[in-house]
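Written below as structure tokens is the structure these notes are about.
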Ligand SMILES: [Zn+2]
């Protein structure tokens, strides 16, 4: 862990307040337009990869509102909000800017990430790698081991789709890969549903009273062949990731989770879950933004939708575009990294996902992000709107955090989104909980706490995925038990 800044909070807040008040002259003299043209927000779809040589992340222990003001004025990319500090990506041309003078790293408070480009090189996907990508061994004999090298690196959109199809090939009776819709640039948003395709009225029962899945699957194959397939109606647990392009660890962990479920479908810890729930996994919602992080700009967050011809800026922040208390009062500058869109569900990605959720009997929805190591329940838009299920949700998340910690000791904080991160409207779990009444709605911020930020090295994929699996499996068990749908777990 790199050392944190020791700046005096009160003093820094005052200094920033003074600087903010001096803003008009700064804007007039420095050329706001030029700053924004330099920013990655205006990269066109065909722009070359933007390097981050000289960029640093500074942890600024200051009043949140002040730093947000400074961030907006300079169009800075705020990576993470902590209770009394923020992580901010600072480009070299702004490091000596008067508004940032109080935060210039020195020997007593060095830059939190002194060399962003170095970390980018260390977290590269195959697309950024100098060596060409070699396809992994195709599945045979109906199984892919968890030691498969796929989980040892981050992957492009196409590689993820290919792996989902590999899972479907290896476990055809359990996996259904399909598209829930298309992105602004026309890419399919793929989902994988994991559930045994048993026949509702023809499942066999063993002497313990539980279904014999193998027999059911055989019957299902027979029925399917004759056009009489009928899936048992199950409640769904939906896991969604990749709303923000640069958060690569979330899709990687979700693919590992899907793989884990399939490999352990007959194990005591998973079998009862798969009898009760369907798991739908959408590893990458923001497929355009995710692909862009592999081809052009590793730190891209939003979608790639054309939202404002005049400014030339691209993209909607998908986790600000959901339609529960969506607010046009939030940042409406199309070039900002958290632009919420001009109206709720303007992004085809949130529209497709919300349509899918609304069409299913969903009992739990988990939205995975990075970074921060947080397990959170709604709401995000306001702390005044306290969910009536907060006690149950907190109990579930505390248990999930404990299960996660038991794997390798990683500590997660639990609480309400608005308290642990910030207040922001248009959050996915606000909508699933508030609009769809999906009680077990939660979001996760995966590791780390800032040492690598969005740029975890590939060696962290397996450890993070293992502990994430523990948390998600615990949560699924908890939900099933609380809902009284399953007595034998
Ligand atoms: Zn995110």
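Glycine too: its Cβ is placed from the backbone N, Cα and C atoms.
Annotated in TrEMBL:
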SIGNAL    1-22  signal peptide
DOMAIN    153-479  domain 'Peptidase M14'
REGION    201-233  region 'Disordered'
COMPBIAS  219-232  compositional bias 'Basic residues'
ACT_SITE  445  active site, proton donor/acceptor
Whole-number mean of pLDDT values that fall within the domain 'Peptidase M14' (153-479): 89
Intrachain C-beta neighbours of the residue listed as 'active site, proton donor/acceptor', sequence separation six or more, cut-off 8 angstroms: 369, 370, 371, 372, 373, 374, 376, 421
The residue listed as 'active site, proton donor/acceptor' - helix vs strand vs coil (DSSP): strand
